[in-house]
2 protein chains.
Amino acid sequence: MSSETAFISALRRLATDPAARGLADDAAVLELGGTRLVLTHDMVVEGVHFLADDPPGDVAWKLLAVNLSDLAAKGARPLGALMGYSLRGDAGWDRAFLAGLEEALAAFSLPLLGGDTVSVPATAPRALGLTAIGTSAGRVPSRSGAKAGQTLWVSGTIGDAGAGLRILRDGQPGAEALVRRYRRPSPRLSAGGRLAPLVGAMMDVSDGLLIDAGRMADASGVAILIDLARMPLSSELVEYGGSGRAARLVAATAGDDYELLFSAPFAAAQEIFALAKELGLSLLPIGRVEDGSGLSLRDGEDLVPRPESLGWEHR
Amino acid sequence: MSSETAFISALRRLATDPAARGLADDAAVLELGGTRLVLTHDMVVEGVHFLADDPPGDVAWKLLAVNLSDLAAKGARPLGALMGYSLRGDAGWDRAFLAGLEEALAAFSLPLLGGDTVSVPATAPRALGLTAIGTSAGRVPSRSGAKAGQTLWVSGTIGDAGAGLRILRDGQPGAEALVRRYRRPSPRLSAGGRLAPLVGAMMDVSDGLLIDAGRMADASGVAILIDLARMPLSSELVEYGGSGRAARLVAATAGDDYELLFSAPFAAAQEIFALAKELGLSLLPIGRVEDGSGLSLRDGEDLVPRPESLGWEHR
């Protein structure tokens, strides 16, 4: 067990309040006098979640988006955010970050409520934290609500951000739209809010479709079967890397999608398709939930062995 | 204007929601269906808020205590916390931190609700963030509620933690009780909750009594006069540094007290003294609020010039 895994296991033993959901969900859910508060805190770190030469405004966007994606996965409406910011003595970077922060706050109608600013040495990697607070008037789906017989669905397209990262990191040629998906993810807030009453389990896809689906299977105590052939790919991604099985496995194990992964009973399918049409956002079935445990893959009629790495293990 | 001051000013322009209180109070206050949520996010950074060789368990305690002190200053009852933790590959440090975290969570009856853990290089300074969420059924005092004619009060004793820091940093001899005040501050949660309905303005003393009193004067649009002779000093501090004017100025400009500073009308004095007796916590008048602006000092009958530095300017 890595020291990081050991640390998180030890934290779980301390987080005994039911509101913490065992630190195994996208967010904490606190019952408070008739309403439900949904709380999440995610950090973005240079070299892990963003590249040192990413535009600072995009880093601000991502800091907000990754946290709002957690709220979206719980169907919560954002109320505000608190930010922890480390100054490294680069006023130009900070100014550009602030411009992006202003743009993102406006785009998401998110009030900035507070936070803290500290100075760190210029040699330290940038590490920024955000706490997002949301509220839900209804049910707050967890990762553990998937039941045998339900269909597995995903929003949007998968693998774009992973391709964007490779384009940036390795200097490969590729569409700007893929880079944009890496730098400016879109939290699916409207879809999450509308889906929450319909789904079994719901979570966001941040570390890779396969690893996150495996987490849903584990949390729910079920088996999940994904059909790679049904995984939605953007036209830009197909142009960049093709649509063969190898390309699909790369897309399914790349991170940073920030799409919604959810299970739902068959009876909800028509409503989900209608919602997709209304929101102009693809919502497609990609697999099913079965009795048993773990994740298995197929590609159309073929069974596909699980790749060695299913996604990002630690971040 | 330093780049840090410029950055914070720019953030204030973005934090236009009334709940943010202009980023000028100890915490944000969000009205939510009949209750008030009180939210704060403070970071502690190695070399700024704690020393590299402070025991890791004490760092965990301080991370919780400084945030709970903000809730105390708003009279809020803590509901829970989310932590942002940076792993630096030192499993022994992390284990000792977790032991202290467990102790502090239990001591403050604080549920750990969530957070994030990231890995950073071993050369980066440790920077830990915590978001504390509290609730208040009644009025949430601000820094801006001081009115001419009110008395200025402070809880506990002032200057102990500053002496503790000097003892540790400079290797001076001094009482362990002073070091403990630096490493394990006591958030005044019970006192804060009971005082909230009685006070004009209330805030915690984190950067130094004088600089924080000056902030209260500025926020309230009043003058504040502090009598150094009435400033409460612990017997350990008097033994360490004496009780002369110079020692009092050192105590009044040192940080890390995490005591409550508040103004209250004369009519509340008996109730405040009774509360002090009930809680076993000193609550003493140290000055008064007047028409005008800024901070002025006296020492008994003598007017005392303001020292050049009133406390910590940026952290």
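Backbone N, Cα and C atoms are what each Cβ position is placed from, and that goes for glycine too.
Over in TrEMBL, the protein carries these features:
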- A:ASP26, A:ASP70, A:ASP204: Mg(2+) 3 binding site (BINDING)
- A:ASP26, A:THR40, A:ASP70: Mg(2+) 4 binding site (BINDING)
- A:ASP42, A:ASP116: Mg(2+) 1 binding site (BINDING)
- A:ASP42, A:ASP70: Mg(2+) 2 binding site (BINDING)
- A:HIS49, A:ASP256, A:TRP312: substrate binding site (BINDING)
- A:GLY115, A:ASP116, A:ARG143, A:SER206: ATP binding site (BINDING)
- A:ASP207: Mg(2+) 5 binding site (BINDING)
- A:25-135: domain 'PurM-like N-terminal' (DOMAIN)
- A:147-298: domain 'PurM-like C-terminal' (DOMAIN)
Seminar exercise, completed: For the binding-site residues A:ASP42, A:ASP70, A:ARG143, A:ASP204, A:ASP207, A:ASP256, proximity to chain B (Cβ under 8 Å) holds for A:ASP42
For this session: Enter the number of other CB atoms within 10 angstroms of the CB of A:ASP207 (Mg(2+) 5 binding site).
Result: 21
Problem set entry | Counts by DSSP class (helix H/G/I, strand E/B, coil) across the domain 'PurM-like N-terminal' (A:25-135) | 35 helix, 46 strand, 30 coil
For this session: Would you mind checking how many other C-beta atoms are within 10 angstroms of the C-beta on A:ASP42 (Mg(2+) 1 binding site)?
Result: 28
Problem set entry | A:ARG143 (ATP binding site), number of other Cβ atoms within 10 Å | 25
Seminar exercise, completed: Ranked by how many other Cβ atoms lie within 10 Å of their Cβ, the binding-site residues A:THR40, A:SER206 are led by A:THR40
Exercise. Of all the binding-site residues given, namely A:ASP26, A:HIS49, A:ASP70, A:TRP312, which is spatially nearest to the residue listed as 'Mg(2+) 5 binding site' at the Cα level?
Worked result: A:TRP312
Exercise. Say you check the Cα of A:HIS49 (substrate binding site) against those of the binding-site residues A:THR40, A:ASP70, A:ASP116, A:ARG143, A:SER206; which is nearest?
Worked result: A:SER206
Exercise. What residues, ordered by sequence, lie under 8 A Cβ-to-Cβ from A:ASP26 (Mg(2+) 3 binding site) and sit at least six positions away in the same chain?
Worked result: A:THR40, A:SER69, A:ASP70, A:ALA73, A:LYS74, A:ARG143, A:MET203, A:ASP204
For this session: For A:ASP116 (Mg(2+) 1 binding site), write down the residues of its own chain that are at least 6 apart in sequence and whose Cβ falls under 8 Å from its Cβ; none is a fine answer.
Result: A:MET83, A:GLY84, A:TYR85
Exercise. What's the CA to CA span in angstrom from A:ASP256 (substrate binding site) over to A:GLY115 (ATP binding site)?
Worked result: 25
Problem set entry | Spatial neighbours of A:TRP312 (substrate binding site) that are distant in sequence (at least 6 apart) but have CB under 8 A | A:SER206, A:ASP207, A:GLY208, A:ILE211, A:GLY255
